[in-house]
């Protein structure tokens, strides 16, 4: 977090001095308009808060504040008209149809959001008797569904190309869902209050997104910033008014309800105690009546957001029904049009399955303009005119390379089928890796525990002693250390070898090495009386065959890079990364299910066989090294001039890498690279060590901890697939890419830090919430990788990625031992460092 705060992005353009900007700033700000508007809002909100609570609505103070706010608002409008475009809110902006309706809809929906967000937790506390923490967790259906509604509406509106349908559907769902909330009763089932929240939350998320989309699509680029500010202003201003009105409704309805349902209770005592305190001061026989009174008063409040959502649904018809996201047909630029017209005869002529002759080549006309516009194709024509007979396939290849507008569909389809097979390989490897974490931890734990309890087979609960857990932590930590050391020494040589002998041979070697390593680890655990459990640390040594997973994944991405064009590489890498995320989500859940149903051995063997299955799709993927190889004549010449070509290539690559490391002298670059030291500790701490931590601290069976890792994987996938792309697209409208990446990286660090603190809580629910919040910061590594490219030249990006890989590997060297030491230290210190909550059986017995 400290690195992200002090990091600065280099300026993309020259800027005037700060002093000159500050001198001119007051003239550009409408300070008088701001003062008038702020005073009018303050007086109006004060009147709303006082009316019916502190003073009656007929009092002179309330009436005076309302009249005063109206008069000052009239002055503000007059001043804004006088200022014109320089006003705080330019009048011409509000004349835009879509902004006018967008402000109203945003205000109504914003008010409904704030009212529900404030009074629904109060209902859980006052009526259901939930604690403040539990009421926050009970609000998760609203928050999650609102996020999903916003993401879904933003994605689908680009496909349907119309704003009003989603605004109408979202507002109607909000009205229906909030209307159902008005039927809440004290004995309502959990399924109903969860389902009603999902309906209202999804609709609210969809509807709140539409005013912003409409303003960005229908307004000019210069007006978007002011329009977004106006929408936000209406949302929060209306929300402030709504919460005041809702408070008045609640207070005016609570006292009569208490007199109706709890006539023997003094309403003043209940009001002083509050919604969460009356249960501590009243006898048990009076609590049901008070809860009924609170329920009646609170559900009356929810009629207000229901009404505002219904009005917003009607106003949504006022949005423009013009298509969005579809550009008007534009005439082709002359150069492109001429390009297509002249290349068409070439492609048509080449359809005949035979060589071209000089006579046929001469039938193709050219002029000087064509030569100037299309030098590649002009060179091809010169070959034809020089009596050279070129084969049909060779000419098609040359033309496709000269113009990306033509041909190659079959070849592209074939290559994309290979990308799908590569994605299958990545999925299998990811699922196998995440399937192995939890069962391997339990098997090692049982092995250690058996040595300390030779008289019989101990239960998993008996294996939670500090001494056994300490040894388990150190074994897991040292296992990751050995893997990192081996990878550090063999990854680079095998990467060079892959560039010499081919990608697929090295991939097959890597699969063999990882399979041998896993087989050794399982064999050590299976024979505890023959082999000491510490021998498991020799397992990663088998990855000297092939270089392990690091080399394997690098070569898979290299094949993908060779197969597709540069413009399609991002899509190919995205598909492979998505496959990895799906494997990370399904692997832990499947492993936990197998462990619960059968045993950890079945889960471990399943992981082993899934790792082997990854071989099969590779047979359908072509070797791509030949694409970039030189011709055979040149290759033989190189072999003659360099007898030991692999050694030469390795030494030369190392020299270039060392020279490049020496050139990285930027302080900001060093700070960005330092963030990659945390990648391995973060991954290890939230996967293998997280399972042991939850199992030890809360007496959870290890088999159940895999479901928590699935939760992390799902949120991780949502962050990378939906949240980050959406925020990136939004921020790019106002910031350059480097600043955008820095803002998102800082936000990711905050989420990760807050989530990590919550995971240290002694309540499992808070830990689960902390794990979810921490997962929202999972975009830090790719954001920092993108940010690092800002400090290097484009041609040095490949070298930069190599350096980042070295830094990440360096971080993995100390990650395992450091986490193991911290885990043991926490157990030794006890107290808040590692608090054990009572097991579920003990809680039931005490009840």
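Backbone N, Cα and C define each Cβ position, glycine as well.
Below 8 angstroms of C-beta separation, residues 59, 61-62, 65-66, 68-70, 72-73, 75-76, 79-80, 83, 87-89, 237, 240-241, 244-245, 247-248 of the same chain, each at least six residues beyond the ends of the transmembrane segment (31-50), sit close to that stretch. The annotation transmembrane segment is assigned in TrEMBL to 31-50 (among others).
Proximity of distant same-chain residues to the transmembrane segment (62-81), defined by a Cβ-Cβ separation under 8 Å and at least 6 residues beyond the stretch ends, is recorded for 32-33, 36-37, 39-41, 43-44, 46-47, 50-51, 55-56, 87-91. Annotation comment: TrEMBL describes 62-81 (among others) as transmembrane segment.
Per TrEMBL, the feature transmembrane segment maps to 101-124 (among others).
Under the heading transmembrane segment, TrEMBL lists 163-181 (among others).
Sequence annotations record features per position, and here TrEMBL assigns transmembrane segment to 224-250 (among others).
Annotation comment: TrEMBL describes 301-321 (among others) as transmembrane segment.
The feature transmembrane segment is assigned by TrEMBL to 419-438 (among others).
Per TrEMBL, domain 'Major facilitator superfamily (MFS) profile' is recorded for 425-847.
According to TrEMBL, the feature transmembrane segment maps to 479-498 (among others).
Annotation comment: TrEMBL describes 533-558 (among others) as transmembrane segment.
The transmembrane segment annotation in TrEMBL covers 570-589 (among others).
Residues or ranges marked as transmembrane segment by TrEMBL: 657-680 (among others).
Taken from TrEMBL, the feature transmembrane segment applies to 800-823 (among others).
Remote same-chain partners of the transmembrane segment (419-438), defined as residues 6 or more beyond its termini with a Cβ less than 8 Å from a stretch Cβ, comprise 518, 549, 552-553, 556, 559-560, 563-564, 572, 575-576, 578-584, 586-588, 590-592, 595, 600, 603-604, 606-608, 610-611, 613-614, 617-618, 620-621, 687-688, 691, 702-703, 705-706, 709, 713. When Cβ distances are compared across the two stretches, the transmembrane segment (101-124) makes no contact with the transmembrane segment (533-558), since fewer than 3 pairs at least 6 residues apart fall below 8 angstroms. Long-range neighbours of the transmembrane segment (224-250) within the same chain, counting only residues 6 or more positions beyond its ends whose Cβ lies under 8 Å from a Cβ of the stretch, are 41, 44-45, 48-49, 51-53, 89-90, 93-94, 96, 99, 102-104, 106-115, 118-119, 208, 211-212, 215-216, 297-298, 300-301, 304-305, 308, 733-734.
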